[in-house]
Amino acid sequence: MNNINSNKHISVRLEDAVDSLNIQKDKIYVDCTFGRGGHSFEILKRLSSKGKLFVFDLDLDAKKYFDNNFSKFKNCFFIQDNFKNLKENLAKFDISKVDGFLFDFGVSSPMLDNANRGFSFKLDARLDMRMNQNQELSAYEVINNYSKEKLIQIFWKYGEIRNPVPVVDEIIKYRSNKPIETTLELVDIIRKRTPIKIQREKKHFARTYFQAIRIEVNDELNSIRKALSDALNMLSKNGRIVTISFHSLEEKEIKNTYKDVLESKIPKEVPINNSFDFKIIKIKPKRASSSELEENNRTRSSFLKVIERVNE
């Protein structure tokens, strides 16, 4: 198989994630977060010409990368849409059952590293954070047009910030004179109302604010919930869903979505032998290894989880 130019991008948990799919060479798989194709290429290496791989990504740059590097693979199909619409899109290919889904949640490294995309709190750019460059809502609209109450809500809910009020007050004060246009402009505003002690911590003080804005702009948690629910329903017997998550909110969505298929609604004291259609596959390590951390520090917060359908 031909090598793929990855532009030095290293996919998170590459071997662990693809190994966990337990790939059968003639089956159907879906990489729900194509990015720069690291996971997809590894999956394709394990498929025969009869096997099929469908990949999803909203990003225009990801589509260009696919066209330049993956169009040669006749059993690989790019779908430019949010993975929350996986069921509807796969139906267009007459696909109702899938043998494995891979989700690598959050923002991709190429998006973070491209200053023009406005995701990074370390690189100066216009506030954007859109995974889908064609949508209207961006970080600029959120920061400059949302009410005080709504900003407080998203920072508390999506950033898990205990008291975002001082920072929100500073945002409202600043934007009353001029729009907040760039990422570093926003970082400076956050800094003004962040205690020195927190500014000196290892994790960047603006990280959770940017996370909250990004989740709001891209409706990430609702997308995860719908996609996982549909993936569970479409999964073939012995098929697996592999998720790579990066923070507690993503992990909570995964746990809550799986809860209905893993927990019995029948009280324990009722003498009925419960059988479940799904089981969690225990993977070691759930966290990235030290060697992978040396190659890609962004794997530090990654968490791998695998669920398998055991009954139709």
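Keep in mind that glycine also has a Cβ here, set from the backbone N, Cα and C atoms.
Among the features that Swiss-Prot reports, S-adenosyl-L-methionine binding site is placed at Gly37, Gly38, His39, Asp57, Phe83, Asp104. For Phe83 (S-adenosyl-L-methionine binding site), applying a Cβ distance below 8 Å and a minimum sequence separation of six or more within one chain yields Cys32, Thr33, Phe56, Phe103, Ser223, Ala227.
Asp57 (S-adenosyl-L-methionine binding site) falls outside any helix or strand according to DSSP and counts as coil. Taking the binding-site residues Asp57, Asp104 in turn, the residue surrounded by the fewest other Cβ atoms inside 10 Å of its Cβ turns out to be Asp104.
Among the residues the record lists as binding S-adenosyl-L-methionine, namely Gly37, Gly38, His39, Asp57, Phe83, Asp104, the two farthest apart have Cα atoms separated by 17 Å. Classification of Asp104 (S-adenosyl-L-methionine binding site) by DSSP places it within a strand. The local packing around His39 (S-adenosyl-L-methionine binding site), expressed as other Cβ atoms within 10 Å of its Cβ over all shown chains, amounts to 28. The most crowded of the binding-site residues listed here (Gly37, Gly38) is Gly37, judged by how many other CB atoms sit within 10 Å of its own CB.
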